[in-house]
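Take a look at the structure set out below.
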Amino acid sequence: MGGNRELKKATEAYWAGKISAEELIQTGKNLRASHWKVQKDAGAGTIASNDFSFYDHVLDHIQLFNAVPNRYRKYNLPALDEFFAMGRGLQRAATDSTSAVDVPALEMVKWFDSNYHYVRPTLQDNQTFSLAADPKPVREFLEAKAQGVNTRPVLVGPVSFLHLGKPDRGASVDPITLLENLLPTYIELLAKLKEAGADTVQIDEPVLVLDLPSRTKAAFKTAYSKIAAAGVSIPQITVATYFGDIVHNIDVLPSLSTVSAIHVDLVRNPEQLDTVISALAPGQILSAGVVDGRNIWKTNFQEAISIVEKAIGALGADRVVVATSSSLLHTPHTLASEKKLPAEVADWFSFASEKAKEVAIIARAVTEGAASVKAEIDANAASMRSRATSARTNDPAVKERQSKVTAAMYERQSPFTGRIAAQQAHLGLPLFPTTTIGSFPQTKEIRVARQKFGKGDISATEYESFIEKEIELVVREQEALGLDVLVHGEPERNDMVQYFGERLTGYVFTNFGWVQSYGSRCVRPPIVVGDISRPAPMTVKESKYAASITSKPMKGMLTGPITCLRWSFPRDDVHQSVQAEQLALALRDEVVDLEAAGVNVIQVDEPALREGLPLRSGKERDAYLDWAVKSFRLATTGVKDVTQIHSHFCYSEFQDFFHAITALDADVLSIENSKSDAKLLKVFEDEAYPRHIGPGVYDIHSPRVPPQEEIKARIEEMLQFLKPQQLWINPDCGLKTRQWPETRAALDIMVKAAKEFRAKYQA
């Protein structure tokens, strides 16, 4: 994205028609040059290329291999516009020079257990592959070479690309069976990279950290034996894994014996080192990921150097490479931009640019000796001591409250059957009730007012008056549209996690710590540095005001404890279950206060619950679900039966942990569904889910307004798996990133569709 989110700004300007494609492309070139220089100046021995994307790196590969579904190809769009159409959809009317286009986005799902989202390869029964005429990895390698930087291109591996894909609607193909069709395209690409001068290529196969079916595991042998058969016509290959260990798939490593190096994540799973070393082929290099690519804490040099030295002792210095655990996509750009962090706290952090330097320091320590970097090691040790002993990290009052949590605090007053009757009597909702997920468009006026208030240009009274006017606007819009359960629109909130973090103890915040979530969407995760508590109510004033100006039910909006934790940079010195319980207790107080203020529908969002799920089944996953569910229940069970608890999940595949979804005991779930296939809903039928559910009927990540027949078709599909009495009608997610015209139009269509079904079923 760039240190100042240059890519976000340029991309959105292009979408708005304010800059040309050439100007956007030049922005990309400028950023790549800048990032290569940062790594070179840091002393990195290997610098990556093809790790830049205008939207998503997996989407790049969809276009690279010409795996673009025909619903996009048929419009003959310029390559850049086709790319964005797959990522975010495209809807435009015909003009004198262009034809009409109306196409939704491809499905977007979480990248393993991160908050990054990738665009899912969507494959056909008769799928073919071919290499793009001007392959992006070759083009960007040559671009770096012209600047005097010899890079290692990064590719998503053939097995991971297919395993992470899915059959298109109406198709039945098992993606991994397409491997033989795909491999010639990979080999052609590798040969072109070799011809361009690339000595090495990194092929990412992160699916090796997952539990894999036998067919996928066998695919590694097929893929890499065929790649090896290309011999000297291709570069040397490093196969990279991350976000977990590969011990359970260690039997795959012989299939990778012909590649020059294997990269493993020794931050997440340092205990895999011995097993991986013993499984390496003779002469094969170990890339040791000892600098955390997923969090912002300084690397403990003593521990990292010890791990690398152990590897060197077993393999020799010429067979060990020091590396980050994963891509640095998931960390902010540079700590140098942060001028307002407390000096004590800033000393504990390391962002992407600093992590590149850490890699070089560790490498020097193990090759030239610790004395060569003594000053850096001593300073690092002092940072570790400072954090461990700081008063910022420990609050005895929080720990005392945690010690008094009882089993009864995890239970509602009555089972769902009793609660729902009380809620229906109180709320008086119709069949197929309509609502939204929470946020409404964050206009320029809202952002400007927030900035003015932050700078002190307007008073608190002036800002609060502005916010109340915005809330009233949103309430009146919803009343006019005919929605049944309203929200206040969240105009006062900058981010669904940061807003709460700013009102809790134990957090600190950055000014420029942006990371990419998807496409041009960036988030600025708060940082948990100490024990967490709630000094005062956080949302009650705005929700109480919104409820006072309408006769319809008003929904209070909170972010759940797991999402607050997962979408922050958490502490790494305290188990996440401890941090989640602290957040749950703080939110419990907020839920009780909202109810006391007359808000009897309260949504506690947990879109990150699935994201936090350990990648493999077993004891670790079971333990996570136990404390995650307890945290949600602790946050939500302090209310009376008449108060209806909602929760929201996005980009979640529930099949692996449906029992935990049921155990949350939420009265109503809303889920992202518009780009998912029917199997997501089938699990609710198969498991006889007893409570209410609102599967999203349209995609809010696209500006496209769906036609009414499309929404009606989705509702019909939902009713194949859910009872009419269970079904709520809502969008996929919050509307913060949308504009008002498309928001009004889409919600109007949604409400009209719901009313049609209401009339049909009541008749």
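Any Cβ shown, glycine's included, is placed from N, Cα and C.
Unlike curated records, TrEMBL annotations are generated automatically.
What you see is a predicted model, and the numbers here were worked out from it, not measured in a lab.
Positions annotated as domain 'Cobalamin-independent methionine synthase MetE N-terminal' by TrEMBL: 1-310. The feature domain 'Cobalamin-independent methionine synthase MetE C-terminal/archaeal' is assigned by TrEMBL to 432-755. Residues annotated as Zn(2+) binding site in TrEMBL: His648, Cys650, His659, Glu672, Cys733. What TrEMBL records for His701 is active site, proton donor.
Looking at His648, His659, His701, the recorded positions in this record, the fewest other C-beta atoms within 10 angstroms of the C-beta turn up around His659. Around the Cβ of Glu672 (Zn(2+) binding site), the number of neighbouring Cβ atoms within 10 Å comes to 25. Along the domain 'Cobalamin-independent methionine synthase MetE C-terminal/archaeal' (432-755), the predicted structure has mean pLDDT 93. A 10 Å cutoff on Cβ-Cβ distances gives Cys733 (Zn(2+) binding site) a total of 25 other Cβ atoms nearby, all chains included.
The binding-site residues close to His701 (active site, proton donor), defined as a CA atom within 10 A of its CA, are Cys733 out of Cys650, His659, Cys733. The Cβ neighbour count for Cys650 (Zn(2+) binding site), using a 10 Å radius over every protein chain in view, is 25.
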